[in-house]
Amino acid sequence: MSAPLYVINVCDHETSAERVFGMLIERHNSFEDYPIDNDAFVNSLIVNGFRYTHVDDAVVCEYCGVVIKNWRENDVVEFVHATLSPYCVYANKIAQNEQFAEDISTDAVVVSPGKPRCVYNRLAHPSARRATFDHWPAALNALTHDIAEAGMFHTMLGDETACFFCDCRVRDWLPGDDPWQRHALANPQCYFVVCVKGDGFCNSERRAETAPGEPAPAFAGSEALECKVCLERQRDAVLLPCRHFCVCMQCYFALDGKCPTCRQDVADFIKIFVT
């Protein structure tokens, strides 16, 4: 197999350059006995974050964990990856500037769904994001709390902010801006926005109809649903597999991988909409 066209890592800013290139080489080496003998296609799989699973023609994304099989040599890997794993930060970064043909198709299918990972783990908690606003424009100080709650931090470039999870950038803020709306418009596929605000938050018609971005109405006993971690927001995430209902989605993203109630490893969550 010829050497693949290596590209720089497009999303994981907390991994060293040496490790990034090491990952590329490891992915390349995994394809030695791949059943599709087409160097250009295999190179595209490698560049798009995939390694061979050694089961049929199935490959797994190193960034979101999705496993995809039933490839064709003429598949546009960028399209397949972004379509079958729409919240993968790596896939979206690569595909965002692509112009895909309207009649593009694929026979590829998902064997196992992935789980996206964030770009800036150290900024997963709102308090860590709030701490980045020391040099934020004074005229926009009133926005900083809500911007941090919406998953963004100050990049120290003017009024530019970036999402800790998807790394999308938002700038040119106005005092009356809604940070959640600005974030969702910048990247409708941001996994963090979808998890916290609900699927379809960017759809203005649906937002007007169901108002998923509105805070849940208060009701008697709401204090009992207070997040056990931040003691501020309402709980809205059931942790799996332990099924403890103890945290809000904001704090879920900042967990150390264990349930704060029982310390069991957390594999996933169920989003709860409290009304």
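The chain as shown is numbered from 1 upward.
Backbone N, Cα and C atoms are what each Cβ position is placed from, and that goes for glycine too.
Remember, predicted model here, so these are calculated numbers, not experimental data.
Pulled from Swiss-Prot:
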BINDING   CYS163, CYS166, HIS183, CYS190  Zn(2+) binding site
REPEAT    24-91  repeat 'BIR 1'
REPEAT    126-193  repeat 'BIR 2'
ZN_FING   227-263  zinc finger
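Positions of Swiss-Prot features highlighted on the structure.
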residue	record	DSSP class
CYS163	Zn(2+) binding site	strand
HIS183	Zn(2+) binding site	helix
CYS190	Zn(2+) binding site	coil
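Around the Cβ of CYS166 (Zn(2+) binding site), the same chain contributes VAL89, ASN92, CYS118, VAL119, ASN187, GLN189, CYS190, TYR191, PHE192, each under 8 angstroms and 6 or more positions distant in sequence.
One way to see the shell of the Zn(2+) site is to take the Cβ centroid of CYS163, CYS166, HIS183, CYS190; the remaining same-chain residues with a Cβ within 8 Å of it are GLY151, MET152, PHE165, ASP167, CYS168, ALA184, ALA186, ASN187, PHE192, VAL193. The helix, strand and coil residue counts that DSSP assigns across the zinc finger (227-263) are 5 helix, 9 strand, 23 coil.
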